[in-house]
Amino acid sequence: MASKLLRAVILGPPGSGKGTVCQRIAQNFGLQHLSSGHFLRENLKANTEVGEMSRQYLEKGLLVPDHVITRLMVSELELRSGQHWLLDGFPRTIVQAEALDKICDLDLVISLDIPFETLKDRFSRRWIHPPSGRVYNLDFNPPHVHGIDDITGEPLIQQEDDKPEEVAAKLRRYKDAAKPVIELYKSRGVLHQFSGTETNKIWPYVYTLFSNKIIPIQSKEAY
């Protein structure tokens, strides 16, 4: 088994269970879970230059452009050059993937392929803690107290854009942007696609894949 540092990426539409899978990978294999959404929130909170640039787009309801997200993520990756890591939410587009290419070679790319009906159901059961970005699902990771964030005790909300027609639009946007990224990694032989409706059923296959690349820090598949 290689002793080199593992570089992995997880791709999947909103609601695909990426966050849950990332937590389990981090817990079982000791990879740093690097979420673009988390870093973006931190920079917005700290009013950094990247945070201020991002805010200008977000306040207009626009997506943060490639060059801003790339700058944010490349600087975070440079701080972690000596660690195993798993990227979540980056790269989302082919431009971002090409920028990532310039600084590292990926070992594994996981793509979660979840049916639309499943995503629609998950969004209807989704509650969010906006300040932290924590997401709860009433079926598979409910809060300890209904409607209340486990850590801060603050109220959770359901978002307007979790309605079925918005979910369909989000999924279309994701697929349009992700298709060339998925094709790129498929052509390199590093892409592994997992299809299903339940994270707990997909997880053992993800665990096995990572076990072939890096020694688990826990002896069994932690849930």
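Using the three backbone atoms N, Cα and C, a Cβ is placed for every residue, glycine included.
As recorded in TrEMBL:
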type    : residues                                                                 : note
BINDING : Gly15, Ser16, Gly17, Lys18, Gly19, Thr20, Arg126, Val135, Tyr136, Thr199 : ribonucleoside 5'-triphosphate binding site
BINDING : Ser36, Arg41, Leu62, Leu63, Val64, Gly89, Phe90, Pro91, Arg92, Gln96     : AMP binding site
DOMAIN  : 126-161                                                                  : domain 'Adenylate kinase active site lid'
REGION  : 35-64                                                                    : region 'NMPbind'
REGION  : 125-162                                                                  : region 'LID'
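Cα-Cα distance from Val64 (AMP binding site) to Gly17 (ribonucleoside 5'-triphosphate binding site): 22 Å (rounded to the nearest whole number). Taking Cβ-Cβ distances under 8 Å and a sequence gap of 6 or more within the same chain, the neighbours of Gly15 (ribonucleoside 5'-triphosphate binding site) are Ile114, Leu119, Arg122, Phe123, Arg126, Val167. Remote same-chain partners of the region 'NMPbind' (35-64), defined as residues 6 or more beyond its termini with a Cβ less than 8 Å from a stretch Cβ, comprise 19, 22, 71-73, 75-76, 87-90, 92, 132-133. Each residue contributes its Cα atom, and for Arg92 (AMP binding site) and Gly19 (ribonucleoside 5'-triphosphate binding site) these two points are 15 Å apart. Spanning the residues Gly15, Ser16, Gly17, Lys18, Gly19, Thr20, Arg126, Val135, Tyr136, Thr199 that the record associates with binding ribonucleoside 5'-triphosphate, the maximal Cα-Cα distance equals 15 Å. All protein chains considered, the CB of Leu62 (AMP binding site) has 10 other CB atoms within 10 Å. On a Cα basis, Gly19 (ribonucleoside 5'-triphosphate binding site) lies 23 Å away from Leu62 (AMP binding site).
In this structure the C-alpha atoms belonging to Phe90 (AMP binding site) and Gly19 (ribonucleoside 5'-triphosphate binding site) are separated by 13 Å.
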